[in-house]
Structures are given as C-alpha cells and as structure tokens.
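Accompanying notes for the structure given below.
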Amino acid sequence: MDSAGAPHSALERELAIEQAHVNLVYEHLEKAASSAKRVAATGQDIYRSDRETWVREEDGTALFERDAFAFAAAKRLAIIDSEHEGLVFGRLDHSDGEIRYIGRIGVRDDDYEPLVIDWRARAAEPFYRATANDPMDVVRRRVLRCRNDIVIGIEDDLLDSSAARSDLPVIGEGALMAALKRARGPKMRDIVATIQAEQDEAIRAEHSGVTVIAGGPGTGKTVVALHRAAYLLYSNRRRFERGGILVIGPSRLFMDYIERVLPSLGEDSVTLRAIGQVAVDVLGFSSARQDAALAATVKGSTRMLKVLKELVALPLISLDPNRPAVWASVKGEVLKLSVAQVDRIRRDILARLRPNQARGEATAAILGALRRQVPDGWDLDDETLDDLIGSQPIVRNFLTEWWPDLLPAQVLRRLADPDVVEAVASGTLDAAERAALAESYQPSDFSVADIALLDELVALLGPIQVAEETDELVFLNEGSRMQELVTVADQLRNVREIDPQADPQDTFAHLLVDEAQDITPMQWRMLRRRGPAASWTIVGDPAQSSWPDVAETEQALVDLIGVAPNRRFRLSTNYRSPAEVFDLAARIVQPHFPNADLPHAVRSTGIEPALLTVSSSALDAELRRVVAEALAAVEGTVAVIAAPSRIGTLELPEDPRLSVVSPLNAKGLEFDAVVVVGPDEIVAESPGGIRVLYVALTRPTQRLVTIDLDGAGSWREPLAD
Ligand SMILES: Nc1ncnc2c1ncn2[C@@H]1O[C@H](COP(=O)(O)OP(=O)(O)OP(=O)(O)O)[C@@H](O)[C@H]1O
C-alpha cells in the first residue's frame, strides 16, 4: 500500500473484493441448503411411491451424497450464533497466485471446488502456522472482520515481502492486536481468526492418550482447549460425536462464560459441566457451594478414601452386646444370634460384596444362621424354616434396619455427627481436621467437594437393586435404634433410580479438564469414572492453584497419565493483561512460587495499576468511587474481587457490566477492569494463599486497582525491593 496515496480508497476497494466473495459463499450455501432439503423430501417420496416409478436405491443415495456436504454445512451454520463474527474470516494468497478462503465451516461450489476451507482442515494450517521465517508458500495472510454477512474490516500480514507478488496491498495493524484491544463482554469469544502458531499446535495435537496444555495466566489455555474440542470433532467425528466430549471447568459462572465458544464454531454436541456438576448423572443434583478452607482441603485428599471405606463398614445400628442382636421363635423354640455373630456375618459379606449388592446375601446369611440352631429331628425343610423365620416382624425389622439400601447422601450425612467422624477418621485425620469435617456437614446442602465423595460412595456402596422394594428404605421412627441418616431434602433429591445392570456414570470418549491445577485427588477419581477408556486434554497452571499441596495435585496428574501416550504444550504469551498489570502480579507470586511459569505480556497500555489504601470505615464510599471510575474508563466488563467473607458486606450499585465475585469464582474469567478489595484477606481465606491472589490480579484486560484496608497490605512486600 502506498502510504502517501489514498489508503481509504485502497481499503474500500479491498473490502468490495472480499464482500463479493462472501456474497458468493452465502448465495451458494443458501442454494445448496434448499436443494438438499428438496432432495431429502423427494428422496423420501420416491421410496414411498409404487414399484413402477421406483428409483434404484443407489440413485437415491447418490442424490443424497451430492448434497450431503452442503447440507451438513448448512446444518452447522444454523448452530452458529446469529451474532457470529462471519462465516468467512481468512484469506491466504500463495506465491503462485492461488487464493484460499478460510472459514468456520467448509463450503464447496457445484464443481466441488472449495469456496471456503474449514479452519480445521489440513489445507488451512498455513493460515495459523506461516511466519515470516517460514512463510509456507504464503505471501499474504488476510483476516476479514465480518458482522454477519457484511465485511467490515481487513487486517493483513505480509509474510514474504521478497516474493514476486509485491503488488498485493497490505492493510491494518495486524488482526491479533485489533482483537486483543476490543472490549470484553460477558461471554468468551472464539479466536478462530487469530490463533497463534504455538496455540495451533496444541489444538491439532493427535487425539490419543493425554494432551497437557500448560502456560501462565491469559495465554489462551481455555480458548485453545475449546478450539481443540472442535478440532477433535472435525478430525474424528464418528468417534467423538458418538462417544461424547465432556468439558469440565471450575464453576457454573465459568461454564456460562465459555458456553458460546463451541456453538460459534458450529459445534453443539459437547457436554459442559462445572466440577460441582460432574456427578449429576448418578446423584441427580449438583453443588456450587464451597467449603471453608480446611474442610475443602481434607475432603479433596485421598485420605478421605480410607474414611469413606470405614464409614461404609461402620454398622448403622448400635447393638447392645448384652442382648441378642436378633431372635425368632419357632414352635416354642427361641433361636438367637449374638451381636458378635451378626457382626462377623456383616464383615464377611462386606469383604466380598458392596452393601447395596449384598442385601439378599445378608438376609440369607441371617436366616441360615438362625435356622442352623433348630434342634435335630425337626421334620421341616430349609425353605419352610426360612419362611417361618423370615416372616416374623422382629426378624424383618432387624434386617431392614441392619442392612437397608443405602443412598450415598444418607451415608455421607452421617459425618455431621462428631462421634461418627471420631469412629471412622481418628486414625486418618487429626483433631482439627475431624472437627472441620463434622462442622462442614451442618448446612443442609452438600458442597462442591462433597460431590466427589458422593460419587466415590456410589462406587463403594454399589447401585441400589431396583428389584428391591425401595419403600423399605428406613427412615426414623420414634424409638428406632437407627441414627439419623437422611433428611427429607436428601430424600426428595434422590428420585433417580439406578439401574444395577448399567454402568451408573455417563462415560465419554474425551474429557477436557480446565483449571486442572485445582482438581483434587478425589475429584480426579470422579473424573476417571466418566472416561475409563477416554483420551484427555488437561489444561492448567500450578501457579494459580487453590490447593495447598501443589505436589499432591501434580502427582494425581502423573497417576492419571500412567503409561498412556502423552504430549505437553506450553503457551508462552499472555494475551489478556497489559504488561503493566502482569508485571505487578508476577512480582507478587514469584517469591512464593519460584517455579511459576510467567508468560510474556504481548501488550502495554501505559496505565500502571493503582494501589490504594483506605480505612475500613471509608471503604464503601471509596469503592463506589473507584467502581464508577472504572465503569467510565472501560467499555466492557468490571469486576470487584474480594474474599468470600467480605463479599456480603459490600454495597454496590446494580450495573449489568459489573460483577462482584470471590477469587475462586473469578477463576478462568476476565474483565476489562478489576478492583481487588482486601488482598490480604484473600490470601488468608484461601488454602491456595498468595496463588489465589495471583489469580485475582491477573484477571484484567486493561486496568487494575487494589484497595488495602487500614494500611499497606503485607501482600505488597515483594514490591518494596
Ligand atoms: N490467539 C488469540 N487471538 C485473540 N485472542 C486471544 C488469543 N489467544 C488468547 N486470546 C485471548 O486471551 C484471553 C485469555 O485467554 P484464556 O482465558 O483462554 O487464557 P487462560 O490461559 O485460560 O487464562 P487463565 O489461566 O488466566 O484462566 C481471552 O480473552 C482470549 O480470547
């Protein structure tokens, strides 16, 4: 482009050229879609008509095949949001004059020539991989910005200026910078037009085994992983559409934030679940509530496995050792079993079978043991004797109380009783941990960490035998010997019946785990049940871990990988935060976590973070002022991030662009401006300490303000050097 000339008209000329191609694509797509529908309809009529006019099946198939490609494209286009940023977004000019257009879906003309190549096709790779060092035969890469079907902008990169075709005009400052400067909305956008080379490698990595994508904050791990899900569906549709892909993220807020990315890429067959929703398939409920730090830590640890096993083995009723556990009277003879005898029967059965599978066996063992006490010489066969014994109310009641069908929620809720915790955890947890555990079950609902424990209990207890009468579940009667096991809420929530024949969990062909550094060992076990034969994409950054023992979560990942083929990718550029913001965050985390993977920030705004200090009494007024200023300064979203105990006390005006979140709920999200209130409180209230503050400090795309209460916070100490 001649900079002294008329760039405006050059841009207009180029826009008109691209608009003509985009029009052609849409026209063709519409034509093809309606013809495919027509063919489908006529095809059905043909098959329904009489033999005289019957068309051979091969002809029908050929008709379908001819339009199948266009039909599939039109179907995927329908999934793409009507607000999408353009079906066609890229163009490559090759050194031999060949032009290729790249888009969200592939479209061919009547002669099968590609009008647009799907971004995931091999032929589209140079769009993402070509560099000035290795232009891959590309002279110019052009990114088109469209609003629906109108081309509104062009950004060019000249990759090979020495090429013979120096006549190509070059427009714009580069698509990446333009994309990064845009204001953020409430939903994450796809990056299909500006995927960078190192990201592209992770997206297109082969599907088998385990793919780990690491990198610091804002390096695109989440968005890259979502594009990878779309790529896997494209490159191996049979396997992954049928087997399913499950995407797991840290919170419901996060799932809402990312939910548009895959549909904007034309894919809607992926299941998204927050970590607190993973076991909804077997439990029928989910959770978004976080436990206090110590309880959360205990519940995530594999030490809970031992506690849960003990809990399952702990008898449900306390029997008086001085009295028979159960007795029956037959023909004037009293048959009795001692507490020691029934305990032995229980232990023997539980050594072989899961409780919910062993009800019949337990009943038979009790009846058999009572029957064997019948004096010799009675002329009654075993079956008759069992009927006589088993029909006695005292025996029936004993069996129902001693060996009921157990729902995981009932069993876990027993831990609300400190005596039960003492009995099952004294060898495993210390006194403070035991107290925190019992205390955590005082609220009537379960927490996010409980979901993995409940899922473990489904595995330990076994599915409930549907053949059994479910109304035999025992609830408290006045004077019952049973401890309280179930609340009405638990009962209502567990309406789902489990088929004992089927594997109770939903399983998937691929699991994509985001914020993997926060997945506790118990949660990894829950995830593995959803993908016993799955391949995995695992995304995380240990420096952002909320878990106190980073080594333990890393070990859990090593265990998961096992001997599976695996590959690692590291993303090295921070596309989110300006250098001014990220430098501050990096200086805070480094002394505490020297291994932090610190990316290079790609942008700088010249605006330094503002570190404010106010007295507690002045906080409300100051916060309102700072938030108003932030809302005026940026076009997009603003967040106030504060410790959970502080959030409820903050009074802020309602504004659709403003969110107030805890650091845990801010995981994975980003906002144009962020106000971090009470950084020291955030450090104190999270098991992850400073690493969780690091998460909060790395959320802004433009501006950061921190507010310390009553004097400079100690989190700032590393800044003094
Ligand atoms: N190639 C790219 N082109 C345009 N935007 C990009 C690109 N890569 C990343 N981004 C943007 O950078 C921001 C950060 O991406 P993302 O949230 O995926 O990072 P992350 O590594 O998961 O971050 P964190 O670990 O902090 O949660 C997003 O707004 C994303 O759209």
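Glycine is no exception: its Cβ is also placed from the backbone N, Cα and C atoms.
Nobody curates TrEMBL annotations by hand; they come from automatic prediction.
Under the heading ATP binding site, TrEMBL lists GLY215, GLY216, PRO217, GLY218, THR219, GLY220, LYS221, THR222. Summarising the annotation, TrEMBL assigns domain 'UvrD-like helicase ATP-binding' to 194-578.
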What number of additional C-beta atoms lies within 10 angstroms of the C-beta atom of THR219 (ATP binding site)?
26
Where does the mean pLDDT land for the domain 'UvrD-like helicase ATP-binding' (194-578)?
87
Mapped onto three states, the DSSP assignment of THR222 (ATP binding site) reads helix
Could you name the residues, excluding GLY215, GLY216, PRO217, GLY218, THR219, GLY220, LYS221, THR222, of the same chain that surround the ATP site, i.e. Cβ within 8 Å of the Cβ centre of those residues, in sequence order?
ASP541, LEU571, ASN574, TYR575, ARG576, PRO599
